[in-house]
Amino acid sequence: MLGSTGSIGTQTLEIVSELPDKFKVVALSAGRNIDLLTEQVSQHKPEVIAIEDENLLTDLKNNINNLGISNPPIVLGGREAINSVAAWDSADTVITGIVGCAGLIPTMSAIKAGKNIALANKETLIAAGSVVIPALKESKSRLLPADSEHSAIFQCIQGLPNYENADFSTGQIPNGLKAIHLTASGGAFRDWEVEDLKNVTVEDATSHPNWSMGRKITVDSATLMNKGLEVIEAHYLFGTSYENIEIAIHPQSIIHSMIEMEDSSVLAQLGWPDMKLPILYAMSWPERFKTNWKRFNLTEIGQLTFKKPDEVKYPCMGLAYSAGKCSGTMPAVLNAANEMAVDQFLKEKISFQEIPIFINKTCESHLNKINLNPKLEDILEVDNWARIFVQEEIKKGKKYINVG
C-alpha cells in the first residue's frame, strides 16, 4: 500500500480489516505521518514499511520497537525506500494512493517488478501515460482502476464482445465502444453563481458535498480539474478519442460513469458514493467479495439528474481537454501546474479563481516546447519546470485575464 496514511490508504486498510481472509498486507509506505503508520503496523503487521521523510526515520524505528511485536517489519526511509516497497518481492498487487505526480516513480518501480497495479493515483497516467502503457505491456503487469469513474467504465466494458479483461491496460479501444460519459458531482460550488466564486475560502473549497477525499482532490473537484484529468486518464486506459469522452454534472453521484456502444445502447454502473467499492474491486477482480456495506436502494435516492458543465464556471475542464489533445509532455505540464496552483491556494497565496489562470499561463509557455515522444526523464523535467514556473509567476504578483 503506497500512501497508507492518506485517504485512499486508510480506506484500503479498512477493507483489509473487514476481509482478513481475502487480503494480507505485506508492505506499507507513508509520507510523514509516523503515528498513524505505527498504528497500522500494530494492526496489520507488514514485512516492510517506509517513510519518505528520512528525518523521521529514527522516531519511526523507536515507535516500532516500542510496539513489542514478535516479528517487527524492516523500517526504511527516503524516496528510494518508497520504490523498494513498491517492488517488494512478496507483494502481488500494489495499491497506489500517493497523491500527485510523486506517485509516478514508485508506480513505475512496481510495474517494472511485474506487480499488478490498483491505480488510485491518476496523475501517473495523466503525466506519463505514453511511458506507463508501454511499460505495462513489457512487464505483463495488469493495471486496474481504483477510482470510481474508471472502475465504473471498466465494469461496464466487461459486457462488451470479445473483450479480454487481462488486456485492459493496453490502451486499445474495446470492440463496440463508441463513447465514454464521465459523471461529475459538480464539486463544492455546483450551486454557486460564477460571480460568487471570487469569495471562495479554503474551507469552502475543501468541503465536498458527496465524497470523503483528501484536500487536494477535493479542490480539484471544485474546479472540475479532477474530471478533466480523468478525461486524459480515460483516453490512456481505454484508447477512446477525446471527442468521444464527455462530462455530465450528476449531483447525486450515484451513476459513476457510463459507456455508449456503437448500436446506441448505454451501460451504467451505479452505487452509493463510497471510494471503498472501486478500491475493493481493483483488489478482488475478477471476483466479487461479499461485504456488509449499505445495500443499494433506488427508491431511497428518489431521482437522478444531469446537466452540462458550465465552461465559464469551470475553465479547468477546457484546459485539461486542450492539454490532452496536445499530447506529449503537455499533460504533465498541466498536472504539475495544477498541483502547484492548488498547493498555493491551500496556503492562501492565491485565490480560487487564480488557479486556472496560472495553469493556463504555464501551458501557454510550454506550447512551443512540447516533446511528443517523451521518455520518463523528459516527463520529470517538465514536471519540475512547471512547478517552478508557477511559483515564479505567483511571486511576480502578475494578474492575467481569466481563461473563462
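Just so it is clear, glycine is given a Cβ too, placed from its N, Cα and C backbone atoms.
The NADPH site recorded in Swiss-Prot includes Thr5, Gly6, Ser7, Ile8, Gly31, Arg32, Asn33, Asn121, Glu123, and the single candidate from Gly214, Gly228, Gly239, Gly271 that the record places there is Gly214. In Swiss-Prot, the 1-deoxy-D-xylulose 5-phosphate site is described by Ser148, Glu149, Ser185, His208, Ser221, Asn226, Lys227, Glu230, and among Lys115, Lys122, Lys137, Lys198 the residue recorded at this site is Lys122. Counting every protein chain shown, the Cβ of Asn33 (NADPH binding site) has 17 other Cβ atoms within 10 Å. The binding-site residues considered are Glu123, Asp147, Glu149, Glu230; of these, Asp147 has the fewest other C-beta atoms within 10 angstroms of its C-beta. With respect to their backbone Cα atoms, Thr5 (NADPH binding site) and His208 (1-deoxy-D-xylulose 5-phosphate binding site) stand 20 Å from each other.
For His208 (1-deoxy-D-xylulose 5-phosphate binding site), the nearest neighbour among the binding-site residues Ser7, Gly31, Asn33, judged by Cα separation, is Ser7.
Cβ crowding, taken as the number of other Cβ atoms within 10 Å, peaks at Lys122 among the binding-site residues Lys122, His208.
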